[in-house]
Amino acid sequence: MSKVSQQNSTPGVNGISVIHTQAHASGLQQVPQLVPAGPGGGGKAVPPSKQSKKSSPMDRNSDEYRQRRERNNMAVKKSRLKSKQKAQDTLQRVNQLKEENERLEAKIKLLTKELSVLKDLFLEHAHNLADNVQPSSTENTTNPDKAGQ
């Protein structure tokens, strides 16, 4: 089986050429690959609006640079304060929930004790009722003297 392959190169956009490859022997067509057109021509395509901003580095002594740094520093400070406040709020909420949990656990203990006392009273009362209730027919049949009177 002989393998015949073909490569066609076509110029592309932004200095990138597209290579089309076909392999006739296997009957499959390979996916096109992107390669740089020339030396130093690789990399991502950058939109013109961002390209012009990044092309000239700012002078560290310029007013615009100082203003941008000041705005950035203020934004960072604000972000850090917000983060600290969020951490404090979370800690406060944790403490509140711990206190509430302790109160609820104490209430559970109290109610458990009360339930135990009430159960004991109920069982004692039920036992007393059972002891006080005796069949009257057994008294009459066991004592023949009272039965005839």
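Cβ coordinates are placed from backbone N, Cα and C, and glycine is handled just like the others.
Marked as compositional bias 'Polar residues' by Swiss-Prot: 1-12 (among others).
Annotation comment: Swiss-Prot describes 1-92 (among others) as region 'Disordered'.
Among the features that Swiss-Prot reports, SUMO2 cross-link is placed at Lys3.
Residues annotated as compositional bias 'Low complexity' in Swiss-Prot: 28-37.
According to Swiss-Prot, the compositional bias 'Basic and acidic residues' annotation covers 56-72. Residues of the compositional bias 'Basic and acidic residues' (56-72) grouped by DSSP class, helix first, strand second and coil last, total 10 helix, 0 strand, 7 coil.
According to Swiss-Prot, the domain 'bZIP' annotation covers 62-125, on the basis of sequence analysis. For the domain 'bZIP' (62-125), the mean pLDDT of the prediction comes to 98.
Look at Swiss-Prot and you will find 66-93 tagged as region 'Basic motif'.
Annotation comment: Swiss-Prot describes 97-118 as region 'Leucine-zipper', evidence class sequence analysis.
Here Swiss-Prot flags 128-149 (among others) as region 'Disordered'.
Under the heading compositional bias 'Polar residues', Swiss-Prot lists 131-149 (among others).
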For the region 'Leucine-zipper' (97-118), how many residues does DSSP put in helix, in strand and in coil?
22 helix, 0 strand, 0 coil
